[in-house]
Amino acid sequence: MPELPEVETLKNSLKDKLIGLIIENVELKRDNLRYKLSPLLATEILNTNILDVRRRAKYLIIDFNNDYSLIVHLGMNGRFTLQSANYKTQKHDHVIFDLSNGEKLIFNDTRRFGMIYSFKTDLLEKEFFNDLGIEPFSDLLTLEYLKDKLQTKKIPIKNLIMDNRVIVGVGNIYASESLHLARIHPDKSGNDLRDDEIENLIKAIRDVLTKAITAGGTTLKDFVNGDNKPGYFTKQLKVYGREGQSCLSCSSTIIKIKHSGRSTFYCKTCQYS
């Protein structure tokens, strides 16, 4: 599933190319996504000018000059890409946006876990994103904030940092990588973390996400940015997907366990605490 770095990469690849363009036509090809496409999508942003392309958590947001925004979630393997005017429609294309420069913006999702909505811009934070926590790069993510969130939680720290009500966008890959960098065992209870461990974890999350964004995200199978290019952070993964291989820091064997049905990778030597 695309996580924060992948959506940030997608945003970066589309922003400069989309701002200023007009949506000249919206074609709803298949409405059988996780949440059925609303027919209003074809009219609410028609003939509107694109003002901005941004990200909130794992959502891509496109703002228009009629005070509506398009909200896109890629689900498990959705793609949101720019294509030329002579693009031939594919089987799993769900929405096609015709742009004023002749290009097309395509939402394609083979597994249909993605979603795409139009929503009033000024109501997004209050009504659509009201349950989301703090962005990892926000100044609000401090020792005091995270300590307050963790102090009563007797559940594994990996689960806690993947909770979008606490910190947004830290998915399975980057949770394993961040805990390895911070040298914290993924099973350790959140309320058992010392202040210095919490500070190290915040720094590790930011460092890992920054490197992943710089590398264009992680493509394990399906992810591509708006230009159809994969991410290359896969080559920098220290523990994720490396079960049975040697730790790149200490040569111990990488171990795989499960948290809430998700695979977790760690080094028992480096992550002793």
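Any Cβ shown, glycine's included, is placed from N, Cα and C.
As recorded in Swiss-Prot:
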- P2: active site, schiff-base intermediate with DNA (ACT_SITE)
- E3: active site, proton donor (ACT_SITE)
- K58: active site, proton donor (ACT_SITE)
- R262: active site, proton donor (ACT_SITE)
- H92, R111, K153: DNA binding site (BINDING)
- 238-272: zinc finger (ZN_FING)
Per DSSP, the zinc finger (238-272) contains 0 helix, 14 strand, 21 coil
Could you give the maximum C-alpha to C-alpha distance in Å for the residues H92, R111, K153 that bind DNA per the record?
-> 41
Taking the recorded positions one at a time (K58, H92, R111), which has its Cβ surrounded by the most other Cβ atoms within 10 Å?
-> K58
Name, in the order they occur in the sequence, the residues of the same chain whose CB lies under 8 A from the CB of R262 (active site, proton donor) and which sit 6 or more residues away.
-> M162, N172
How far is it from H92 (DNA binding site) to P2 (active site, schiff-base intermediate with DNA), counting Cα to Cα, in Å?
-> 18
Going by C-alpha distance, which of the active-site residues P2, E3, K58 is nearest to R111 (DNA binding site)?
-> P2
Average the pLDDT scores across the zinc finger (238-272) and report the rounded value.
-> 95
Neighbouring C-beta atoms (10 Å sphere around the C-beta of K153 (DNA binding site)) = 17
Using a 10 Å cut-off, grab the number of neighbouring Cβ atoms around the Cβ of E3 (active site, proton donor), all chains included.
-> 24
So for the residue listed as 'active site, schiff-base intermediate with DNA', how many other CB atoms are inside 10 Å of its CB?
-> 29
To the nearest whole angstrom, state the Cα distance for the pair K153 (DNA binding site) and P2 (active site, schiff-base intermediate with DNA).
-> 27
Roughly how many angstrom lie between the C-alpha atoms of E3 (active site, proton donor) and K58 (active site, proton donor)?
-> 6
